[in-house]
């Protein structure tokens, strides 16, 4: 999928202007104007906040450095954080999901599986990065755990950010140019180190964004977008860093979207006896037959069943 952004709304008058939402904290948003001017702190109009990092918006100037968001451009996709009680959008207009894992500490396959489902459900290309390959005692075990995901067609890139930073950067940067990529990773996997490797002034930018959003000490609690340095052919791209891998939610997905977010399920779906099969205990279910004979891993089906259960519990 191309990294080209959806068409942004057009500002109809001189009192309005367009821009890109590059950071969010609560109802505070930082917008980079399309004309290249200084970034503005913006607020949504009304009580509801329906703005996400990566949105193209129209804002009205309220002062020299503040604005009110009055319109949101057409979105290519939208990702949420969800729990049983609420669902909050946080990133829009993505085309890749980069998941940082490591040989140590032990990474969670449940969280990896959920991230892959989110990518599939939103039309994103997943990219798995296995960091800390220099920890050789754990390397083969990590490779073995990732082999089933390679078999499903997912790309796994092995790096050692600490011991071979330039090789790691070279292995990843060309995969990121021209794309809008969301970066996810559990604590200890090396995600922050990777951001600083790919975005040389990331720490300075984070401090500036924190100040602009008045988020003070909460510097790790906001989602932010970093423009990538241009490649040799002039294509840039962006990297969106978001905290809280554990909060990455899928409860808002319908059962139909969930079943199609498992690539190994898709070819078998037409073979179920019942058109409205839930793939949990129905007779003649092609998915359950594939689980029984080993074509589909039991762990993957268990994740699907858990996600269906969680989706049924959400308060809508």
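Cβ coordinates come from backbone N, Cα and C, glycine included.
For 131, 132, 133, 134, 185, 186, 187, 188, 189, 190, 191, 192, 193, the entry in Swiss-Prot reads GTP binding site, with the evidence type sequence analysis. Residues annotated as Zn(2+) binding site in Swiss-Prot, with sequence analysis given as evidence: 272, 277, 279, 285. Positions annotated as domain 'CP-type G' by Swiss-Prot: 83-248.
Feature map: Swiss-Prot annotations on the structure.
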residue : record              : contacts (Cβ under 8 Å, 6+ apart)
131     : GTP binding site    : 100, 101, 102, 103, 159, 160, 161, 168, 189, 190, 194
133     : GTP binding site    : 103, 139, 158, 159, 160
187     : GTP binding site    : none
191     : GTP binding site    : 100, 183, 184, 185, 241
193     : GTP binding site    : 161, 162
277     : Zn(2+) binding site : 284, 285, 287
279     : Zn(2+) binding site : 259, 265, 272, 285, 287, 288, 301, 304
Within the predicted model, mean pLDDT of the domain 'CP-type G' (83-248): 85
Cβ neighbour count (within 10 Å, all chains shown) around residue 272 (Zn(2+) binding site): 20
For residue 279 (Zn(2+) binding site): DSSP state (helix, strand, coil): coil
Residues 131, 132, 133, 134, 185, 186, 187, 188, 189, 190, 191, 192, 193 binding GTP per the record - widest CA separation, whole Å: 19
Which of 185, 285, the listed binding-site residues, has fewest other Cβ atoms within 10 Å: 285
